[in-house]
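In what follows, a single structure is set out as structure tokens and then discussed.
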Amino acid sequence: MPTLLNIQSSPRGLNSISRSLSHDFVAAWRIEHPDGKVVLRDLAENNLPYVGIPWITGIFLTTDQHTPEMQRALAVSDELIAELLSADEILIGTPMYNFTVPANLKAWIDLIVRPRVTHSGPPDRKGLVTGKTCKIIIASGGTYDEGLPSAASDYESGYLKRVLAFIGITGVEVILVGGTAAVAFGSTTTEEFTAQFRPAVLAAAR
């Protein structure tokens, strides 16, 4: 039974373009995998802690060396990593904020990138999360498609590919959904706007 980990970061709820297209992806994925399981990690609904000294200190120690404070700091990280490791496929639906990832998605990344757990640490820093694929839907007010002068300002897709590869996930596909400002300013509707990107999203789910 395949498992899809569905990670959503937009706080816009029903008004979110990335969530709308992610919903289409999941629906198509369920058709392809009728016996599959979808695990939702909603980063907007469940605020993750930022890493602090107990977490930073704890990741370099063995379990028997952890203080109660370190154990508490690492508990959420352990939960997120368990979700990641149990998934066969990953979907990330996210907006682009100021040319890169939202803070809640960055918090998730910081909590799942751990030496000796998701990567081997020095000297080789080998990724340990292997055999998985990841599809990323990025909604942005501007348009940053490859070949455009503005593409150089997309720091999000390259960063996500790099950090996922660092932990061993190299089968990554990014779907750029640019131009959402047209919806925000009322030039078009969410349905009309998302229709042009839906074929690519549905194809990625197969």
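Each Cβ is built from the backbone N, Cα and C atoms, and glycine gets one as well.
What TrEMBL records for SER10, SER16, ILE17, SER18, MET96, TYR97, ASN98, PHE99 is FMN binding site. Positions annotated as domain 'Flavodoxin-like fold' by TrEMBL: 4-184.
Shown here: features listed in TrEMBL, placed on the structure.
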residue	record	DSSP (3 states)
SER10	FMN binding site	coil
SER16	FMN binding site	coil
MET96	FMN binding site	coil
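Within the set of binding-site residues (SER10, SER16, SER18, ASN98), the lowest number of other Cβ atoms found within 10 Å of a Cβ is recorded at ASN98. Taking all protein chains in view, 25 other C-beta atoms sit within 10 angstroms of the C-beta of ILE17 (FMN binding site).
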